[in-house]
């Protein structure tokens, strides 16, 4: 008798790490290590990655006064 092997999501190979290209690990998915995850986070925090949004017209903001008085 032949035994059939059921494949699960855990058996599916993960995509390569987006930072270094090594195979990703489940524990740090989609990265291969905490180091690569930290590199990616640093890039987001350093604004090297951005998500584009709609252009904003300068006229859509209220006028700004530089006279030093604050309205309360």
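Including glycine, each Cβ sits where the backbone N, Cα and C put it.
Among the ranges 31-51, 52-72, the one that Swiss-Prot lists as region 'Disordered' is 52-72. Of the listed binding-site residues 17, 20, 32, 36, the Cβ environment within 10 Å is emptiest of other Cβ atoms at 20. The secondary structure of residue 36 (Zn(2+) binding site), as reduced to three states from DSSP, is helical.
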